[in-house]
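Features of the protein shown, as given by Swiss-Prot:
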type	residues	note
BINDING	Gly61, Trp63, Asp81, Asp97, Asp122	S-adenosyl-L-methionine binding site
ACT_SITE	Lys162	active site, proton acceptor
Amino acid sequence: MVQRSKSSANWLREHFNDPFVKQAQKDGYRSRASYKLLEIQEKDRLIRPGMSVIDLGAAPGGWSQVTSRLIGGQGRLIASDILEMDSIADVTFIQGDFTHDEVLQRILEAVGDSHVDLVISDMAPNMSGTPAVDIPRAMFLCELALDLATRVLKPGGDFLIKIFQGEGFDVYLKDVRSKFDKVQMRKPSSSRDRSREQYLLGRGFKGA
């Protein structure tokens, strides 16, 4: 029999005792992450019917489920992740590593000549538990997401991204502030207390 590590056993115990995990199962959401977006939506009203949205780091689909329901049949949602994701009606899914140019090009092709209203990203690298390694990896993904957002957002569009406090955060925040009229931080109650994650919200894209 394989012996579970203490940290693995603790994670499993926390996961199955997590009220948001239980609520997600009850509500039919694919992950507890749905409640993070729902809480931000309740406060900021980011997502509206008929919007065009890109969802990065989408698998298993918790944010895409919420977004698809809110934008309705007249909206458009392009989702992407390195992992597979079970299909969601009317959602265009692009599987691949977002750090590869080929995947970026596929997303840009899906957007086409039009622009989008909102880019959301719940991307995170595989965490090693060593901040000196994990934070730079996470910031690299944030930089790539911001680069995409500046290419595809309409003037006045919005940007929501998961970010971790650490080296490079202040420079990144300054960069986002230069591109958006208003920038705020969000820490949903459904985000675990011990997690360093926060969500950075940029409203009112100034244009490329």
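Here the Cβ of each residue, glycine as well, is placed from N, Cα and C on the backbone.
Since the structure is predicted, the reported quantities are computational estimates derived from the model, not experimental observations.
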Neighbourhood of Trp63 (S-adenosyl-L-methionine binding site), C-beta criterion under 8 angstroms, separation at least six: Ala33, Ser34, Leu37, Asp55, Ile120, Asp122
Enumerate same-chain residues with a sequence separation of six or more from Lys162 (active site, proton acceptor) and a Cβ-Cβ distance below 8 A; give 'none' if the list is empty. Gly57, Ser121, Asp122, Met123, Ala124, Glu197, Gln198, Tyr199
Other C-beta atoms that fall within 10 angstroms of the C-beta of Asp122 (S-adenosyl-L-methionine binding site): 22
List every residue in the same chain as Asp97 (S-adenosyl-L-methionine binding site), at least 6 positions away in sequence, whose Cβ is under 8 Å from its Cβ. Ile82, Val103
Taking the Cβ of Asp81 (S-adenosyl-L-methionine binding site) as centre, how many other Cβ atoms lie within 10 Å? 23
With every protein chain in view, what's the tally of Cβ atoms within 10 Å of the Cβ of Gly61 (S-adenosyl-L-methionine binding site), excluding that atom itself? 24
